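Below is one structure, written out as structure tokens, with a few remarks after it.
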Amino acid sequence: MHKGLKRLGVITSLGVLLVLIQGALVTNTGSGEGCGQTWPLCFGQVIPLDPPPETVIEFSHRLVAGIVGMLVILMAIWSWRRLKHMPETRFLAVISVFMIIFQGLLGAGAVVFGQSDLIMALHFGFSALSFASVVLLTRLAFEDSNPQKQYAPIVSKAYKGYVIFVAIYSYVAIYTGAYVKHTNATLACSGFPLCNGQWVPDVFTEAIGVQLLHRSAAILLSLLLLVLFIWTVKTFRASRVLVVCASLAMLLVIGQAASGVAVVLTYNATLTLGIFHALLISLLFTLLCYMVMLVTRHKAK
């Protein structure tokens, strides 16, 4: 059942993930102006001739994003028609299309007109939302093929509210990380946990303040997820899905923290670390969104 839709969902999910990674690559390599101030053309050409590396990175990002955008729209329409009996479908379909289009327009606007760092930091956040919505649509297709796997754990109002809060807060943490990248504040603090050898550095220096804000947001997210893990294991041990999700969330945030510290300690010398850092937080956010979907299916006690 839904064999074609499931295949499209998997391909589209991987495609959006690739676009997300390419976007991180563009940011980490400073290739945002690799095609000049022209869009959708690249230096006025449909296909750039003899392009330098930054042009290849930017152009390939645009090309893949365009193809994946069409897949997302197809996925949303197909899901709307075949999975309309599932309450989450229409919301996820609308969000997936809106986010993929909006992030494309935001990227195009940044190339042609330029944008502030505050606005550009939203670009990665929209990518994360797009990825999460497509993955959840795909999950719905798999669930509908096997009704026995349509999980709807019964949880308390407090737990439900906490899961929603952590998911929303994780998006805030994503934004602070993206803002660090767009303000070139990655290395504003050398060393960890100290900042330039100080416990209390000058937070009024913009780059240092931005870096410390992200560190604080990341530490708080780790603590929130630790509470979620303990709460889930102690109270909802019978719900294997929630326990697995909470456990994976802890593993992802540990990897996220480790990769972030490694970026600082290696002076951002390894491109792979920065991309891995972006990948892990996107997977974590998607996992938390899945938990939100699960805990909101039943009316909480």
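Glycine too: its Cβ is placed from the backbone N, Cα and C atoms.
Here Swiss-Prot flags 1-7 (among others) as topological domain 'Cytoplasmic', drawing on sequence analysis. For the topological domain 'Cytoplasmic' (1-7), the number of residues in each DSSP class (helix H, G, I; strand E, B; coil) is 5 helix, 0 strand, 2 coil.
For the transmembrane segment (8-28), the residues of the chain that approach it from at least six positions outside its boundaries are 34, 57-58, 60-61, 64-65, 67-68, 71-72, 74-75, 78-79, 100, 107, 123-124, 127-128, 130-131, 134-135, 137-138, 141-142, 181-182, 271, 274-275, 278-279, 282, judged by C-beta separation under 8 angstroms. Sequence annotations record features per position, and here Swiss-Prot assigns transmembrane segment to 8-28 (among others).
A Cβ distance under 8 Å defines the sequence-distant neighbours of the topological domain 'Extracellular' (29-56), meaning residues of its chain 6+ beyond its ends; these are 62, 66, 108, 110-112, 271. The topological domain 'Extracellular' annotation in Swiss-Prot covers 29-56 (among others) and rests on sequence analysis.
The Cβ neighbour count for Cys42 (disulfide bond), using a 10 Å radius and every protein chain shown, is 22. According to DSSP, Cys42 (disulfide bond) sits within a strand segment. The annotation disulfide bond is assigned in Swiss-Prot to Cys35-Cys42 (among others) on the grounds of sequence analysis.
Cβ atoms under 8 Å from those of the transmembrane segment (57-77) belong to residues 5, 8-9, 11-12, 15-16, 18-19, 22-23, 25-26, 29, 31-35, 39-40, 42, 47-48, 51, 93-94, 96-97, 100-101, 104, 107, 130, 134, 137-138 of the same chain, restricted to positions at least 6 beyond its ends. Annotated transmembrane segment per Swiss-Prot: 57-77 (among others), in sequence order, evidence recorded as sequence analysis.
Glu58 (active site) carries a helical DSSP state (H, G or I). Look at Swiss-Prot and you will find Glu58 tagged as active site, backed by sequence analysis.
Here Swiss-Prot flags His61, His123 as heme o binding site, drawing on sequence analysis. Taking a C-beta cut-off of under 8 Å and a sequence gap of six or more, His61 (heme o binding site) has these contacts in its own chain: Val19, Gln22, Gly23, Leu25, Val26, Ser31.
Residues 2, 4-5, 8-9, 133, 136-137, 140-141, 143-144, 293, 297 of the same chain lie 6+ residues outside the topological domain 'Cytoplasmic' (78-92) yet bring a C-beta within less than 8 angstroms of a C-beta in it. As annotated by Swiss-Prot, topological domain 'Cytoplasmic' applies to 78-92 (among others).
Residues or ranges marked as transmembrane segment by Swiss-Prot: 93-113 (among others). Long-range Cβ contacts of the transmembrane segment (93-113) within its own chain (Cβ-Cβ under 8 Å, at least 6 residues beyond either end) map to 16, 23, 32-33, 35-40, 65-66, 68-69, 72-73, 75-77, 79-80, 119-120, 122-123, 126-127, 129-130, 133-134, 137.
Swiss-Prot lists 114-117 (among others) with the feature topological domain 'Extracellular', giving sequence analysis as the kind of evidence.
Taken from Swiss-Prot, the feature transmembrane segment applies to 118-138 (among others), supported by sequence analysis.
Per-residue pLDDT, averaged along the topological domain 'Cytoplasmic' (139-159), amounts to 84 for this model. As annotated by Swiss-Prot, topological domain 'Cytoplasmic' applies to 139-159 (among others), with the evidence given as sequence analysis.
Panel annotation: around the transmembrane segment (160-180), residues 117-118, 120-125, 128-129, 186, 210-211, 213-214, 217-218, 220-221, 224-225, 227-228, 231, 260, 277-278, 281-282, 284-285, 288-289, 291-292, 295-296, 300 of the same chain, lying at least six beyond its termini, place a Cβ under 8 Å from a Cβ of the stretch. As annotated by Swiss-Prot, transmembrane segment applies to 160-180 (among others).
Mapped onto DSSP classes, the topological domain 'Extracellular' (181-215) shows 12 helix, 2 strand, 21 coil. Look at Swiss-Prot and you will find 181-215 (among others) tagged as topological domain 'Extracellular'.
When other Cβ atoms within 10 Å of the Cβ of Cys189 (disulfide bond) are tallied across all protein chains shown, the result is 22. The disulfide bond annotation in Swiss-Prot covers Cys189-Cys195 (among others) and is backed by sequence analysis.
Sequence-distant contacts of His214 (heme b binding site), defined as residues of its own chain at least six apart whose C-beta falls under 8 angstroms from its C-beta, comprise Ala173, Thr176, Gly177, Tyr179, Val180, Ala185. The heme b binding site annotation in Swiss-Prot covers His214, His277.
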Spatially closest candidate among Glu58, His123, His277, the listed recorded positions, to Cys189 (disulfide bond) (Cα to Cα): His277
Long-range Cβ neighbours of the transmembrane segment (241-261) (under 8 Å; 6 or more residues past either end): 151, 153, 155, 177, 192, 218, 221-222, 225-226, 228-229, 232-233, 273, 276-277, 280-281, 283-284, 287-288, 290-291, 294-295
Per DSSP, three-state class assigned to His123 (heme o binding site): helix
Contact set, same chain, for the topological domain 'Extracellular' (262-274): CB under 8 Å, 6 or more residues outside the stretch: 24-25, 28-29, 181, 186-187, 189-192
